[in-house]
(Lines of atoms letter the chains of each structure in order from A and count residues from 1; the text may use other names and numbers.)
(Lines give C-alpha, C1' and ligand atoms only; values in the text may rest on other atoms or scores of the structure.)
Protein backbone atom coordinates (compact mmCIF):
# COMPACT_ATOMS: atom_id res chain seq x y z
CA UNK A 1 0.00 0.00 0.00
CA UNK A 2 1.41 3.40 -1.03
CA UNK A 3 1.65 6.36 1.33
CA UNK A 4 -1.10 8.14 -0.61
CA UNK A 5 -3.41 5.17 -0.19
CA UNK A 6 -2.48 4.98 3.48
CA UNK A 7 -3.49 8.59 3.89
CA UNK A 8 -7.06 7.70 2.82
CA UNK A 9 -7.30 4.57 5.00
CA UNK A 10 -7.99 4.72 8.76
CA UNK A 11 -4.85 3.90 10.71
CA UNK A 12 -6.14 0.73 12.35
CA UNK A 13 -7.19 -0.69 8.97
CA UNK A 14 -3.60 -0.54 7.74
CA UNK A 15 -1.84 -3.86 8.36
CA UNK A 16 1.65 -2.46 8.83
CA UNK A 17 0.48 0.24 11.23
CA UNK A 18 -1.45 -2.33 13.28
CA UNK A 19 1.66 -4.45 13.75
CA UNK A 20 3.79 -1.38 14.39
CA UNK A 21 1.22 -0.27 16.99
CA UNK A 22 1.20 -3.71 18.65
CA UNK A 23 4.99 -3.73 18.66
CA UNK A 24 5.24 -0.24 20.15
CA UNK A 25 2.47 -0.99 22.65
CA UNK A 26 4.27 -4.11 23.87
CA UNK A 27 7.41 -2.04 24.28
CA UNK A 28 5.56 0.65 26.21
CA UNK A 29 3.92 -1.87 28.55
CA UNK A 30 7.38 -3.13 29.41
CA UNK A 31 8.64 0.42 29.90
CA UNK A 32 5.70 1.50 32.10
CA UNK A 33 5.50 -1.63 34.26
CA UNK A 34 9.26 -2.10 34.51
CA UNK A 35 9.85 1.62 35.02
CA UNK A 36 7.32 1.72 37.86
CA UNK A 37 9.20 -1.11 39.57
CA UNK A 38 12.55 0.66 39.02
CA UNK A 39 11.14 3.86 40.56
CA UNK A 40 9.99 2.10 43.72
CA UNK A 41 13.13 -0.03 43.96
CA UNK A 42 15.33 3.06 44.26
CA UNK A 43 13.83 4.12 47.57
CA UNK A 44 13.08 0.57 48.76
CA UNK A 45 16.72 -0.48 48.42
CA UNK A 46 18.46 2.76 49.52
CA UNK A 47 15.91 4.36 51.92
CA UNK A 48 17.43 7.71 50.95
CA UNK A 49 15.97 10.62 48.92
CA UNK A 50 19.27 11.65 47.34
CA UNK A 51 20.43 8.12 46.48
CA UNK A 52 17.03 7.30 45.06
CA UNK A 53 17.19 10.40 42.87
CA UNK A 54 20.78 9.53 41.98
CA UNK A 55 19.65 6.17 40.60
CA UNK A 56 17.30 7.99 38.23
CA UNK A 57 20.08 10.42 37.36
CA UNK A 58 22.49 7.59 36.53
CA UNK A 59 19.89 5.95 34.29
CA UNK A 60 19.35 9.21 32.41
CA UNK A 61 23.07 9.98 32.08
CA UNK A 62 23.84 6.55 30.62
CA UNK A 63 20.89 6.96 28.27
CA UNK A 64 22.29 10.34 27.20
CA UNK A 65 25.76 8.86 26.62
CA UNK A 66 24.40 6.07 24.40
CA UNK A 67 21.74 7.98 22.49
CA UNK A 68 23.99 9.43 19.76
CA UNK A 69 25.40 5.96 18.90
CA UNK A 70 21.78 4.77 18.96
CA UNK A 71 20.75 7.45 16.47
CA UNK A 72 23.59 6.51 14.13
CA UNK A 73 22.64 2.83 14.38
CA UNK A 74 18.98 3.56 13.58
CA UNK A 75 19.94 5.59 10.48
CA UNK A 76 22.39 2.97 9.17
CA UNK A 77 20.66 -0.34 9.93
CA UNK A 78 17.33 -2.05 9.31
CA UNK A 79 14.96 -0.60 11.91
CA UNK A 80 12.82 -3.75 11.88
CA UNK A 81 15.82 -5.80 12.98
CA UNK A 82 16.66 -3.25 15.68
CA UNK A 83 13.10 -3.42 17.03
CA UNK A 84 13.37 -7.20 17.31
CA UNK A 85 16.79 -7.13 18.98
CA UNK A 86 15.91 -4.37 21.45
CA UNK A 87 12.88 -6.33 22.66
CA UNK A 88 14.99 -9.43 23.21
CA UNK A 89 17.74 -7.56 25.09
CA UNK A 90 15.24 -5.72 27.34
CA UNK A 91 13.40 -8.97 28.13
CA UNK A 92 16.69 -10.58 29.18
CA UNK A 93 17.54 -7.63 31.46
CA UNK A 94 14.12 -7.66 33.15
CA UNK A 95 14.40 -11.42 33.67
CA UNK A 96 17.85 -11.08 35.25
CA UNK A 97 16.66 -8.34 37.63
CA UNK A 98 13.59 -10.36 38.64
CA UNK A 99 15.71 -13.44 39.36
CA UNK A 100 18.14 -11.35 41.44
CA UNK A 101 15.27 -10.06 43.57
CA UNK A 102 13.80 -13.54 44.01
CA UNK A 103 17.20 -14.82 45.10
CA UNK A 104 17.45 -12.06 47.74
CA UNK A 105 20.72 -10.77 46.30
CA UNK A 106 19.71 -7.17 45.58
CA UNK A 107 21.86 -4.38 47.03
CA UNK A 108 22.35 -0.70 46.26
CA UNK A 109 25.54 -1.25 44.18
CA UNK A 110 23.90 -4.07 42.22
CA UNK A 111 20.82 -1.93 41.63
CA UNK A 112 23.06 0.74 40.12
CA UNK A 113 24.51 -1.91 37.78
CA UNK A 114 21.03 -2.79 36.55
CA UNK A 115 20.16 0.90 36.25
CA UNK A 116 23.26 1.41 34.10
CA UNK A 117 22.35 -1.50 31.81
CA UNK A 118 18.78 -0.25 31.51
CA UNK A 119 20.02 3.22 30.59
CA UNK A 120 22.32 1.79 27.92
CA UNK A 121 19.49 -0.16 26.27
CA UNK A 122 17.22 2.86 26.47
CA UNK A 123 19.79 5.10 24.82
CA UNK A 124 20.54 2.69 22.01
CA UNK A 125 17.02 1.58 21.11
CA UNK A 126 14.25 3.66 22.74
CA UNK A 127 13.73 5.88 19.68
CA UNK A 128 13.77 3.13 17.05
CA UNK A 129 10.01 2.63 16.73
CA UNK A 130 9.39 6.39 16.57
CA UNK A 131 11.99 6.82 13.84
CA UNK A 132 10.33 4.02 11.84
CA UNK A 133 6.81 5.50 12.09
CA UNK A 134 7.12 7.94 9.12
CA UNK A 135 7.97 4.90 6.95
CA UNK A 136 4.75 3.20 8.12
CA UNK A 137 2.15 6.01 7.82
CA UNK A 138 1.69 8.96 5.48
CA UNK A 139 2.69 12.52 6.35
CA UNK A 140 -0.91 13.71 6.69
CA UNK A 141 -1.58 11.01 9.31
CA UNK A 142 1.41 11.74 11.54
CA UNK A 143 -0.57 13.99 13.91
CA UNK A 144 -3.32 11.38 14.27
CA UNK A 145 -0.74 8.62 14.79
CA UNK A 146 1.04 10.70 17.44
CA UNK A 147 -2.22 11.40 19.27
CA UNK A 148 -3.21 7.71 19.03
CA UNK A 149 0.13 6.69 20.52
CA UNK A 150 -0.19 9.14 23.40
CA UNK A 151 -3.79 8.09 24.06
CA UNK A 152 -2.51 4.53 24.13
CA UNK A 153 0.10 5.61 26.66
CA UNK A 154 -2.69 7.07 28.80
CA UNK A 155 -4.57 3.77 28.70
CA UNK A 156 -1.40 1.95 29.69
CA UNK A 157 -0.87 4.34 32.59
CA UNK A 158 -4.50 3.81 33.53
CA UNK A 159 -4.17 0.02 33.62
CA UNK A 160 -0.47 -0.77 34.00
CA UNK A 161 0.43 1.52 36.91
CA UNK A 162 -2.08 0.14 39.44
CA UNK A 163 -1.34 -3.38 38.19
CA UNK A 164 2.38 -2.78 38.71
CA UNK A 165 1.69 -1.34 42.17
CA UNK A 166 -0.46 -4.32 43.11
CA UNK A 167 2.12 -6.79 41.81
CA UNK A 168 4.95 -4.91 43.52
CA UNK A 169 3.06 -5.17 46.81
CA UNK A 170 3.12 -8.96 46.44
CA UNK A 171 6.68 -9.21 45.15
CA UNK A 172 9.03 -6.70 43.54
CA UNK A 173 9.88 -9.36 40.94
CA UNK A 174 6.32 -9.71 39.60
CA UNK A 175 6.09 -6.43 37.63
CA UNK A 176 9.50 -7.20 36.15
CA UNK A 177 8.23 -10.60 35.00
CA UNK A 178 5.32 -8.85 33.25
CA UNK A 179 7.75 -6.38 31.67
CA UNK A 180 9.92 -9.27 30.48
CA UNK A 181 6.98 -10.99 28.76
CA UNK A 182 5.85 -7.74 27.18
CA UNK A 183 9.26 -6.93 25.72
CA UNK A 184 9.43 -10.46 24.32
CA UNK A 185 6.12 -9.78 22.54
CA UNK A 186 7.70 -6.66 21.06
CA UNK A 187 10.16 -8.90 19.24
CA UNK A 188 7.38 -11.22 18.06
CA UNK A 189 5.30 -8.39 16.59
CA UNK A 190 8.43 -6.86 15.09
CA UNK A 191 8.98 -10.08 13.16
CA UNK A 192 5.47 -9.70 11.67
CA UNK A 193 6.29 -6.34 10.04
CA UNK A 194 6.66 -6.62 6.26
CA UNK A 195 7.27 -3.04 5.17
CA UNK A 196 10.78 -1.97 4.29
CA UNK A 197 12.21 -0.15 7.31
CA UNK A 198 15.75 0.07 6.01
CA UNK A 199 17.18 3.61 5.85
CA UNK A 200 17.97 5.14 2.47
CA UNK A 201 21.77 4.95 1.89
CA UNK A 202 21.57 8.28 0.05
CA UNK A 203 20.78 9.99 3.37
CA UNK A 204 23.98 8.83 5.07
CA UNK A 205 26.18 11.55 3.72
CA UNK A 206 29.10 9.13 3.30
CA UNK A 207 30.12 5.56 2.63
CA UNK A 208 30.94 4.11 6.03
CA UNK A 209 34.23 4.46 7.85
CA UNK A 210 34.97 7.84 9.43
CA UNK A 211 31.98 9.34 7.56
CA UNK A 212 29.67 7.40 9.86
CA UNK A 213 31.04 9.20 12.92
CA UNK A 214 31.08 12.54 11.12
CA UNK A 215 27.53 12.07 9.89
CA UNK A 216 26.38 11.21 13.40
CA UNK A 217 26.72 14.92 14.25
CA UNK A 218 24.35 15.95 11.47
CA UNK A 219 21.40 15.99 13.87
CA UNK A 220 23.14 18.64 15.99
CA UNK A 221 24.10 20.57 12.84
CA UNK A 222 20.46 20.60 11.76
CA UNK A 223 19.47 22.27 15.03
CA UNK A 224 22.37 24.71 14.67
CA UNK A 225 20.98 25.78 11.28
CA UNK A 226 17.35 26.19 12.40
CA UNK A 227 16.46 28.58 15.22
CA UNK A 228 12.75 27.74 15.10
CA UNK A 229 13.50 24.08 15.76
CA UNK A 230 15.85 24.99 18.63
CA UNK A 231 13.12 26.94 20.42
CA UNK A 232 10.61 24.11 20.02
CA UNK A 233 13.17 21.68 21.43
CA UNK A 234 13.79 24.01 24.38
CA UNK A 235 10.07 24.08 25.18
CA UNK A 236 9.86 20.29 25.04
CA UNK A 237 12.91 19.99 27.31
CA UNK A 238 11.42 22.38 29.89
CA UNK A 239 8.12 20.52 29.80
CA UNK A 240 9.79 17.12 30.24
CA UNK A 241 12.06 18.38 33.01
CA UNK A 242 9.27 20.02 35.01
CA UNK A 243 6.89 17.07 34.61
CA UNK A 244 9.64 14.67 35.69
CA UNK A 245 10.64 16.79 38.69
CA UNK A 246 7.09 17.26 39.94
CA UNK A 247 6.24 13.60 39.47
CA UNK A 248 9.38 12.49 41.30
CA UNK A 249 8.76 14.91 44.17
CA UNK A 250 5.21 13.60 44.63
CA UNK A 251 6.26 9.92 44.55
CA UNK A 252 9.23 10.35 46.91
CA UNK A 253 7.24 12.41 49.39
CA UNK A 254 4.35 9.95 49.39
CA UNK A 255 6.77 7.05 49.91
CA UNK A 256 8.27 8.86 52.90
CA UNK A 257 4.76 9.20 54.36
CA UNK A 258 4.22 5.46 54.05
CA UNK A 259 1.75 5.56 51.14
CA UNK A 260 1.28 2.06 49.72
CA UNK A 261 2.55 1.11 46.28
CA UNK A 262 -1.04 0.35 45.28
CA UNK A 263 -2.11 3.90 46.15
CA UNK A 264 0.81 5.31 44.18
CA UNK A 265 -0.46 3.27 41.25
CA UNK A 266 -3.95 4.73 41.77
CA UNK A 267 -2.51 8.26 41.57
CA UNK A 268 -0.94 7.40 38.23
CA UNK A 269 -4.21 5.80 37.14
CA UNK A 270 -6.02 9.12 37.62
CA UNK A 271 -3.32 10.76 35.53
CA UNK A 272 -3.90 8.14 32.85
CA UNK A 273 -7.65 8.85 32.87
CA UNK A 274 -6.89 12.55 32.40
CA UNK A 275 -4.57 11.87 29.49
CA UNK A 276 -7.12 9.55 27.89
CA UNK A 277 -9.84 12.19 28.20
CA UNK A 278 -7.48 14.76 26.72
CA UNK A 279 -6.67 12.43 23.82
CA UNK A 280 -10.30 11.59 23.02
CA UNK A 281 -12.10 14.86 23.78
CA UNK A 282 -9.34 17.45 23.98
CA UNK A 283 -7.94 16.66 20.53
CA UNK A 284 -11.35 17.31 18.96
CA UNK A 285 -11.81 20.59 20.81
CA UNK A 286 -8.41 22.05 19.88
CA UNK A 287 -8.08 20.72 16.31
CA UNK A 288 -9.24 23.96 14.66
CA UNK A 289 -7.60 26.34 17.13
CA UNK A 290 -4.40 28.21 16.34
CA UNK A 291 -1.27 26.55 17.66
CA UNK A 292 -0.40 29.50 19.92
CA UNK A 293 -3.85 29.41 21.54
CA UNK A 294 -3.58 25.69 22.26
CA UNK A 295 -0.09 26.18 23.69
CA UNK A 296 -1.17 28.96 26.07
CA UNK A 297 -4.35 27.26 27.31
CA UNK A 298 -2.79 23.84 27.87
CA UNK A 299 0.35 25.24 29.54
CA UNK A 300 -1.70 27.32 31.99
CA UNK A 301 -3.93 24.36 32.89
CA UNK A 302 -0.89 22.16 33.50
CA UNK A 303 0.97 24.68 35.68
CA UNK A 304 -2.13 25.60 37.72
CA UNK A 305 -3.01 21.99 38.52
CA UNK A 306 0.50 21.09 39.67
CA UNK A 307 0.75 24.30 41.71
CA UNK A 308 -2.37 23.26 43.63
CA UNK A 309 -0.67 19.94 44.41
CA UNK A 310 1.81 21.84 46.57
CA UNK A 311 -1.03 22.64 48.98
CA UNK A 312 -1.93 19.05 49.85
CA UNK A 313 -0.35 15.71 50.71
CA UNK A 314 -3.61 13.75 50.50
CA UNK A 315 -3.17 10.89 48.01
CA UNK A 316 -6.75 11.21 46.77
CA UNK A 317 -6.45 14.98 46.26
CA UNK A 318 -3.16 14.44 44.46
CA UNK A 319 -4.88 11.87 42.26
CA UNK A 320 -7.66 14.35 41.39
CA UNK A 321 -5.21 17.17 40.66
CA UNK A 322 -3.06 14.77 38.67
CA UNK A 323 -6.13 14.04 36.56
CA UNK A 324 -6.62 17.77 35.92
CA UNK A 325 -2.93 18.28 35.10
CA UNK A 326 -2.93 15.39 32.63
CA UNK A 327 -5.97 16.41 30.53
CA UNK A 328 -4.04 19.02 28.47
CA UNK A 329 -0.91 16.90 28.00
CA UNK A 330 -1.88 14.94 24.86
CA UNK A 331 -3.17 17.97 22.90
CA UNK A 332 -0.04 19.92 23.89
CA UNK A 333 2.41 17.09 23.19
CA UNK A 334 0.76 16.02 19.93
CA UNK A 335 0.87 19.55 18.58
CA UNK A 336 4.45 20.36 19.55
CA UNK A 337 5.97 16.95 18.74
CA UNK A 338 4.18 16.65 15.38
CA UNK A 339 5.22 20.22 14.54
CA UNK A 340 8.85 19.38 15.23
CA UNK A 341 8.77 15.95 13.56
CA UNK A 342 7.38 17.33 10.28
CA UNK A 343 10.11 19.98 10.16
CA UNK A 344 12.81 17.26 10.19
CA UNK A 345 13.87 15.68 6.86
CA UNK A 346 12.97 11.97 6.79
CA UNK A 347 16.58 10.93 6.26
CA UNK A 348 17.71 12.81 9.38
CA UNK A 349 15.00 11.71 11.80
CA UNK A 350 17.16 9.06 13.44
CA UNK A 351 20.03 11.43 14.16
CA UNK A 352 17.87 14.43 15.05
CA UNK A 353 15.75 12.12 17.20
CA UNK A 354 18.95 11.01 18.94
CA UNK A 355 19.73 14.64 19.76
CA UNK A 356 16.21 15.01 21.14
CA UNK A 357 16.57 11.94 23.35
CA UNK A 358 20.02 13.14 24.45
CA UNK A 359 18.64 16.44 25.71
CA UNK A 360 15.61 14.72 27.27
CA UNK A 361 17.90 12.30 29.08
CA UNK A 362 20.07 15.12 30.40
CA UNK A 363 16.94 16.99 31.49
CA UNK A 364 15.60 13.91 33.26
CA UNK A 365 18.95 13.22 34.90
CA UNK A 366 19.05 16.74 36.27
CA UNK A 367 15.39 16.61 37.28
CA UNK A 368 15.72 13.32 39.17
CA UNK A 369 18.57 14.40 41.40
CA UNK A 370 17.18 17.95 41.65
CA UNK A 371 13.81 16.63 42.82
CA UNK A 372 15.39 14.58 45.61
CA UNK A 373 17.75 17.39 46.60
CA UNK A 374 15.07 20.11 46.56
CA UNK A 375 12.74 17.92 48.58
CA UNK A 376 15.49 17.49 51.16
CA UNK A 377 16.45 21.19 51.26
CA UNK A 378 13.28 23.25 50.70
CA UNK A 379 10.57 20.70 51.40
CA UNK A 380 7.60 19.45 49.45
CA UNK A 381 5.94 22.76 48.54
CA UNK A 382 9.11 24.50 47.40
CA UNK A 383 10.24 21.49 45.37
CA UNK A 384 7.01 21.72 43.35
CA UNK A 385 6.65 25.48 42.99
CA UNK A 386 10.21 26.28 41.87
CA UNK A 387 10.20 24.22 38.62
CA UNK A 388 6.61 25.28 37.87
CA UNK A 389 7.61 28.94 38.08
CA UNK A 390 10.44 28.34 35.62
CA UNK A 391 8.09 26.59 33.20
CA UNK A 392 5.52 29.39 33.40
CA UNK A 393 8.08 32.12 32.68
CA UNK A 394 9.69 30.26 29.76
CA UNK A 395 6.32 29.35 28.22
CA UNK A 396 4.95 32.89 28.35
CA UNK A 397 8.16 34.33 26.85
CA UNK A 398 8.01 31.76 24.03
CA UNK A 399 4.50 32.88 23.07
CA UNK A 400 5.88 36.15 21.68
CA UNK A 401 8.25 34.41 19.25
CA UNK A 402 7.49 33.57 15.58
CA UNK A 403 8.13 29.87 16.25
CA UNK A 404 5.12 29.63 18.59
CA UNK A 405 3.09 32.56 17.24
CA UNK A 406 3.19 31.06 13.74
CA UNK A 407 2.60 27.45 14.76
CA UNK A 408 -0.27 25.97 12.69
CA UNK A 409 -3.23 24.22 14.25
CA UNK A 410 -3.47 20.43 14.22
CA UNK A 411 -5.72 20.42 11.15
CA UNK A 412 -3.13 22.32 9.10
CA UNK A 413 0.04 20.42 10.00
CA UNK A 414 0.19 18.75 6.56
CA UNK A 415 1.06 22.13 5.01
CA UNK A 416 4.43 22.23 6.77
CA UNK A 417 7.63 22.00 4.76
CA UNK A 418 10.78 20.39 6.13
CA UNK A 419 13.74 22.54 7.13
CA UNK A 420 17.01 21.83 5.36
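Each residue, glycine too, has its Cβ placed from N, Cα and C.
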Transmembrane segment according to TrEMBL, located in which of 21-43, 113-135: 21-43
Annotated stretch (transmembrane segment, per TrEMBL) among the listed ranges 199-220, 265-286: 265-286
Of 161-186, 317-342, the range TrEMBL labels transmembrane segment: 317-342
Proximity of the transmembrane segment (49-70) to the transmembrane segment (354-378), 3+ C-beta pairs under 8 angstroms: yes
Among 265-286, 293-311, 317-342, 354-378, 384-405, stretch most in contact with the transmembrane segment (231-253) (C-beta, under 8 angstroms): 354-378
Cβ contacts under 8 Å made by the transmembrane segment (317-342) with residues that lie 6+ beyond its boundaries: 134, 139, 142-143, 146-147, 150-151, 154, 229, 232-233, 235-236, 239, 250, 254, 266-275, 277-279, 282-283, 285-286, 291, 294-295, 297-299, 301-302, 305-306, 308-309, 349, 356, 407-410, 413, 416, 418
Distant-in-sequence neighbours of the transmembrane segment (384-405), which means Cβ under 8 A and at least six residues beyond its ends: 227-228, 231-232, 234-235, 238-239, 241-242, 245-246, 249-250, 291-292, 295-296, 299, 303, 306-307, 309-310, 367, 370, 374, 378
